[in-house]
Amino acid sequence: MTAPLRVAVIGAKGRIGSEACRAVEAAPDLELVATPDRGDSLETLVDGGAQVAVDLTHPDAVMANLEFCIGHGIHGVVGTTGWTEERLATLRGRLAASPATGVLIAPNFSIGAVLTMRFAQQAARFFESVEVVELHHNRKADAPSGTATRTAQLIAAAREQAGLARQQDPTTHALDGARGADVDGVPVHAVRLRGLLAHQEVLFGDVGETLTIRHDSLHHSCFMPGILLGVRRVVDTPGLTVGLEHFLDLD
Ligand SMILES: NC(=O)C1=CN([C@@H]2O[C@H](COP(=O)(O)OP(=O)(O)OC[C@H]3O[C@@H](n4cnc5c(N)ncnc54)[C@H](O)[C@@H]3O)[C@@H](O)[C@H]2O)C=CC1
Ligand SMILES: O=C(O)C1=N[C@H](C(=O)O)C[C@H](O)C1
């Protein structure tokens, strides 16, 4: 019988981290060996012999956590948001020095959200106008969400590949922020509301028609199959992978 894969969850007391701990504990092929949260030493990962660390912390914490993990040859599965091109470049540099180590950054672990991104990518070349609206609970640190940012980037890339011009914003009079954040030419609007979890609409428009692709995460359990898939696959995937879709055989 194969020994269970030893997994740590960093940010174990958080909303998604606590759910991830339960999911790892319930999986027969995985063993939860370390559960650090803010203020705990990451040496518990080494003491527990962790092979994979799931990071579900905060944009301010994730880079240092990954530096520790990669430095110790521990694979990373990252749900924490706040990624920029600069941060990704730093991470690639660190991984180059530890070529056997893999890191998956998943802007969203839910299958429905990954499919939303894929469908939006497919629709992008057929519509002149597109805007993204994301809606989250009111304790979220970052805006726009990692998912919305990634969705907009994928749409922009698909438009560019199809030879579509950047959208022209006709607005000449606006309050700051009224037209949302500009992500590669795609306006992204962020709503924060008590009672919500994570929701997104991608709105496409052209002559005489609109198309809305909407996804709703109703409970943190929706992220668990994706996290477990990431844990199982990252050990055989050295280097940096951005997006769970690469582990879903969607094509
Ligand atoms: N990719 C995905 O599918 C999902 C990603 N997220 C992201 O995961 C992150 C956490 O989200 P929530 O659980 O809602 O936040 P949360 O605030 O409930 O939990 C974060 C936890 O991390 C801990 N923490 C902060 N700094 C730490 C450090 N240096 N070391 C160890 N632990 C530390 C906090 O004490 C807290 O317990 C956010 O960036 C969020 O956007 C959340 C849900 C799904
Ligand atoms: O903070 C959250 O809750 C979520 N964060 C991720 C994001 O920023 O996209 C994923 C999901 O939307 C939940």
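Note that Cβ sites are derived from N, Cα and C of the backbone, with glycine treated the same way.
Automatic, uncurated: that is what TrEMBL annotation is.
Since this is a predicted model, take the numbers as computed values, not measurements.
Annotation comment: TrEMBL describes 6-109 as domain 'Dihydrodipicolinate reductase N-terminal'. The annotation NAD(+) binding site is assigned in TrEMBL to Gly11, Ala12, Lys13, Gly14, Arg15, Ile16, Gly79, Thr80, Thr81, Ala106, Pro107, Asn108, Phe109. If you look up TrEMBL, you'll see 112-248 marked as domain 'Dihydrodipicolinate reductase C-terminal'. As annotated by TrEMBL, active site, proton donor/acceptor applies to His136. The (S)-2,3,4,5-tetrahydrodipicolinate binding site annotation in TrEMBL covers His137, Gly146, Thr147. Residues or ranges marked as active site, proton donor in TrEMBL: Lys140.
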Winner by Cβ contact number (other Cβ atoms within 10 Å) across the recorded positions Arg15, His136, His137, Lys140: His136
Number of other Cβ atoms within 10 Å of the Cβ of Pro107 (NAD(+) binding site) across all protein chains: 22
Distance-selected binding-site residues near ligand 2 (C-beta under 6 Å), from Lys13, Arg15, Gly79, Thr147: Thr147
Candidates His136, His137, Lys140, Gly146, namely the recorded positions, that fall within 10 Å of Gly79 (NAD(+) binding site) by Cα distance: Gly146
Protein Cβ atoms within 10 Å of Phe109 (NAD(+) binding site), excluding its own: 27
Residues among the binding-site residues Lys13, Arg15, Gly79, Thr81, Thr147 that border ligand 1 - Cβ under 6 angstroms, in sequence order: Lys13, Arg15, Gly79, Thr81
Averaged pLDDT score, the domain 'Dihydrodipicolinate reductase C-terminal' (112-248): 97
